[in-house]
């Protein structure tokens with residue numbers, strides 16, 4: 001291990017250890033990253049993947065043993081190259097620079113995160129790995145233009161082979177940078193796994209954003225024999241494991257079959273990921289989302305997929321609940337004509353904190369609930385509130401992040417008669 005000086009502005013006063021990732025890959029270890037600020041180091045042993053997944057399933061069954069459960073469906077992941085997007089901080093050391101991530105120290109949570117050098121990223125898509133090396137080569141060849149004060153690089157790829165790279169700087173980007181980045185787009189587009197002749201590049205600095213061609217990619221999933229296309233916007237959420245996302249969509253669609261006589265409500269629909277896949281199962285769909293950019297992406301995706309039975313409103317869950325119960329007037333809710341809908345099914349995909357108090361109360365109003373959760377603890381707590389009114393009819397584990405303790409699951413509930 002080598003001692004490296006700390007990057008300025010990180011709120012830590014001592015030097016930090018930086019591990020060389022080349023050593024780690026020889027030991028078949030990988031970096032699992034939710035973002036560039038947090039990660040864990042996980043040992044990859046593909047021969048034991050099935051065993052590790054079974055352990056997750058057992059843990060989930062034990063967690064929900066106090067419920068009457070149907071058979072747990074377990075959906076496995078690719079064991080490598082499953083992650084479609086990731087973020088790396090860039091570490092400068094004299095003329096050299098390289099990608100780093102942050103590892104939580106084992107045992108003592110009070111210690112500052114350790115920085116780990118990343119030269120390869122086996123959990124990332126093949127295209128991410130190709131882009132990582134090629135971009136770093138080009139940056140080093142153009143130190144005055146592309147390298148100077150480069151702080152972070154974000155890679156966003158798709159199952160269909162498109163790519164977008166965001167380069168974040170601590171300096172203003174001018175015409176010289178734009179010219180160099182335009183050339184870089186074509187160099188990166190020549191990567192073997194790229195389906196496009198050039199990639200989209202977004203340059204960012206304080207109060208500045210430069211979009212070279214576009215600030216999004218178009219993803220393509222196949223669900224139940226139907227090809228779906230999605231605009232995924234730079235900086236907005238999208239499911240990181242593309243193959244697992246397809247399985248989640250297919251599961252949710254199967255759970256909600258036979259619903260064509262009534263309507264669906266989806267809270268926080270994002271770019272319409274579930275909305276578009278499930279819309280054919282319902283008469284009408286009402287989808288709410290607070291982010292203006294996500295609403296625009298959802299509307300684009302609805303049109304791109306010829307989905308005509310969905311209304312999207314820029315509303316918070318709290319405002320929708322108040323409008324639904326007649327406690328608050330909302331101009332945006334008025335445009336939905338809620339009285340004309342027969343909303344019997346609701347889909348929620350909350351953050352790790354789970355559903356808030358108002359949303360939990362709202363769920364009890366619906367005959368059918370599709371609940372996608374990234375935190376079994378908060379899911380369990382939320383479902384306890386519905387134990388007397390609803391019964392679990394479908395239960396699934398989606399292994400979004402192999403070799404970690406992370407568990408994503410889906411639950412389908414129906415009102416008790």
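Quick reminder: no glycine exception, Cβ is built from N, Cα and C everywhere.
Nobody curates TrEMBL annotations by hand; they come from automatic prediction.
Per TrEMBL, the feature S-adenosyl-L-methionine binding site maps to 239, 268, 289, 349. Classification of residue 349 (S-adenosyl-L-methionine binding site) by DSSP places it in coil, neither helical nor stranded. In the structure as shown, the Cβ atom of residue 349 (S-adenosyl-L-methionine binding site) sits within 10 Å of 22 other Cβ atoms.
Within the same chain, residues at least 6 positions away in sequence whose Cβ sits under 8 Å from that of residue 374 (active site, nucleophile) are 351, 352, 400, 406, 408. The active site, nucleophile annotation in TrEMBL covers 374.
What TrEMBL lists as active site is 374. In the three-state DSSP scheme, residue 374 (active site, nucleophile) falls into the coil class.
Sequence-distant neighbours of residue 289 (S-adenosyl-L-methionine binding site): residues of the same chain at least 6 apart with a C-beta under 8 Å from its C-beta are 268, 269, 270, 295, 298, 312, 313, 314, 315. Within the set of binding-site residues (239, 268), the lowest number of other Cβ atoms found within 10 Å of a Cβ is recorded at 268.
Summary of the S-adenosyl-L-methionine site environment: with the site residues 239, 268, 289, 349 set aside, the chain residues having Cβ atoms within 8 Å of the Cβ mean position are 237, 266, 269, 270, 273, 274.
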